[in-house]
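A.B. asks: Here you go, one structure.
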Amino acid sequence: WILLAAVALLIVSPATTEEGTEAEKVLTLDHSNFRDAISKHDFIVVEFYAPWCGHCKALAPEYEKAASELSSHDPPVALAKIDANDEKNRDLATEYEIQGFPTIKILRNGGKYIQDYKGPRDAEGIVSYLKKQLGPASTEIKSAEDAFSLIDEKQIFIVGIFPDFAREEFQNYTALAEKLRTDYGFGHTLDAKLIPRGESVSKPTLRLLKPFDELFVDSEDFTLESLEKFVEESSIPVVTVWDSDRSNHVYVGKYFQTSSDKAMLFINFSKEQDSFEKEYKDVAALHKGKGLCFLLGDVDSASNAFQYFGLKLEQAPVLVIQKADGEKYLKTGIEPHQIAPWVKDYTEGAVKPFIKSEPIPKVSDEPVKVVVRDSLDDVVFKSGKNVLIEFYAPWCGHCQKLAPILEQVAISFQSDPDVVIAKFDATANDVPRG
């Protein structure tokens, strides 16, 4: 678990310590003052951190510099932090769904609206990003110069085109912009001719400009649900590329955030990209809009994925499909000409799911029995015994503290044939659903 709390920065004149140095600008909050602090701010930024986290330590001086500069902004911008590793802040961590450190949240209107911070982690980048989050979520485009200054051709930008700004479509558009403003830039206009891509339109139109595939797409469906779905689907390339190019990483993040089923082909880019890419893109294009999105990954950049799926690098090229419910299918050592028929077999239900499991231990004479995915049914569900099983991660500090206690419990029950005390490495074995 990871804890949470929010923070408020009261805007006052710079305080000083007894030595006369300027005090920290980042407000420190905890469970006792969190609610009161955020209720006083229309806009506040909260970092949830753990004292032992290396990324948090690296962020701290940059966050403090940003807070110092933003405290003199008009209006001042509040930055805060909370120790999410503190036991007393557990309820807040759960409430705000903190799953890693550091996590930065933007809280608006006294905490009524909560958004993830998705900007840079250096002081200059933090300041620039947060300044853009102030004021209206969408900027009116009145001239070609406005469009040029707002639209970055290397990033996704969303434009609402309207006959006037009084219709229901515009209200839904502004609601969309407010909700997604931490992810995209937004602009609205009365004249589609000012937009660098696309034709003029006669109806309210949402135009998404992007630096890949067809470069722009339009939608005329202005229900809020349809707008969100259109943006989610259109902001992911037909094939997302995962390599060392940092400009691609934002799309990799969006790829993994989507609710669609995911196809992932991992190859050695330096040797195999030319022979695989066209075949894979053709298959991806055939499945566009059918609930399956595609990623092409370089084994050198995506080694963590191999660990997650329980694979070895020498098994590449490998094609993995993971459904939204977590069920996985894979084909190791795949050849370019095998991609289309294998995906077809998958869609027709002819491919069996892949289940990750460590080998079943040959000897099991320890007090705490080691259970793996392939032995879970026999040892736990079909044993007819009373089983206490711990699902753990080797790197988890809480799990490490529990280990000797679990050992003592197992020793105390060793003489009882109807009781089994066991442990299951949830990082190396698939945990059954439900």
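The chain as shown is numbered from 1 upward.
Keep in mind that glycine also has a Cβ here, set from the backbone N, Cα and C atoms.
Under the heading signal peptide, TrEMBL lists 1-17. Sequence annotations record features per position, and here TrEMBL assigns domain 'Thioredoxin' to 7-135, 346-434. The disulfide bond feature in TrEMBL is assigned to C53-C56, C396-C399.
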A.B. asks: Can you give me the Cα-Cα distance between C53 (disulfide bond) and C396 (disulfide bond) in Å, rounded to a whole number?
C.D. replies: 13
A.B. asks: Can you give me the same-chain residues 6 or more apart in sequence from C56 (disulfide bond) with a CB-CB distance under 8 Å?
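C.D. replies: Sequence-distant Cβ neighbours: E47, Y49, A50, F101, P102.
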A.B. asks: Which residue, out of the disulfide-bonded residues C53, C396, C399, shows the minimum number of other Cβ atoms inside 10 Å of its Cβ in this structure?
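C.D. replies: Selected from the disulfide-bonded residues C53, C396, C399 on minimum Cβ neighbours within 10 Å: C396.
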A.B. asks: Write out how many residues of the domain 'Thioredoxin' (7-135) are helix, how many strand and how many coil, based on DSSP.
C.D. replies: 46 helix, 28 strand, 55 coil
A.B. asks: Please average pLDDT over the domain 'Thioredoxin' (346-434) for the predicted structure.
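C.D. replies: Taking every residue of the domain 'Thioredoxin' (346-434) together, the mean pLDDT is 92.
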